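Asks: This is the structure I have questions about; it appears just below.
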Amino acid sequence: MFKKIRIGLPLRAILAIGLILLSVLSGVFLFILGIKETVSTHRQAQNYQTVTGYLYSYIPETGSEPHSAHRQRNATSFYLVYRYTVNGQDYTVATDYSTGALPEVGSQKQIRYDPSDPQNALIVGPDRGGILLFAGAMFAGIPLALALAVFIVLKSKKEKSSIDVVGATFGLLFVLFSYGMMYMASGTYTPLGIWRFYTRSFSPMLLILPLLTAAGLFVLVKSLFFAAPRRGRSQKRAARR
């Protein structure tokens, strides 16, 4: 009654396609959540005013008491607490995400607050919505970019190619991922702002991100301008004969 349908693909290919689809769907879901969070935040802060805030203390993710001078030994991730002043009154606001990259106490941040109720405030910069958007873009973009690169290589009709498509894709993804992570850690897109964050809040673990960026740039440049010409299939077959 039912006809058997043969896909004609090896098991590895089926598993790879399944993993790609799962990753893309997860990324789309996270991206939608990020858009929803970002739109909600934008609407909330539409009529807010801006004031300069200063990093005041850290709250360990495992606890609720701020630590202004010492870090809790068991905690590896912290919420950042900023203090700002409105009409001579001090207020505090904490990030809605935890981080292991801790800026120097006294570091400045722009704070947006509700003029009618100054204790309702938001920190300008990376937030939960931005993190969801970034994670969604990575989950969906990386497998799609790699699949597209492999498809271009396999379906290319050119006999010779001086560009390593897969290598260039890997290099670009490394650069985008590591630079995005540096933005999440420092709260700024500009190289100068990232440099200032590193000089004031240096941690050995933070060296991984610029090293990944440098490695990605190296692979990208090498794949675009210094890749060995790729021999086409017809040339390989002729050489075998």
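Glycine is no exception: its Cβ is also placed from the backbone N, Cα and C atoms.
Taken from TrEMBL, the feature transmembrane segment applies to 12-35, 131-153, 165-185, 205-227. Sequence annotations record features per position, and here TrEMBL assigns domain 'DUF3592' to 70-126.
Show me how these features fit into the structure around them.
Replies: Tertiary neighbourhood of the transmembrane segment (12-35): same-chain residues 129-144, 147, selected by CB-CB distance under 8 Å and a gap of 6+ residues from either end.
Summed and averaged per residue, pLDDT over the domain 'DUF3592' (70-126) gives 84.
Panel annotation: around the transmembrane segment (165-185), residues 99, 101, 126, 130-131, 134, 138, 141-142, 145-146, 148-150, 152-153, 194, 197, 206, 209-210, 212-213, 215-224, 227 of the same chain, lying at least six beyond its termini, place a Cβ under 8 Å from a Cβ of the stretch.
Distant neighbours of the transmembrane segment (205-227): 100-101, 161-168, 170-179, 181-182, 185, 198; these residues of the same chain sit at least 6 beyond its ends, with a Cβ under 8 Å from one of its Cβ atoms.
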Asks: Please work out the helix, strand and coil residue numbers for the domain 'DUF3592' (70-126) from the DSSP assignment.
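Replies: Counts, helix then strand then coil: 0 helix, 30 strand, 27 coil.
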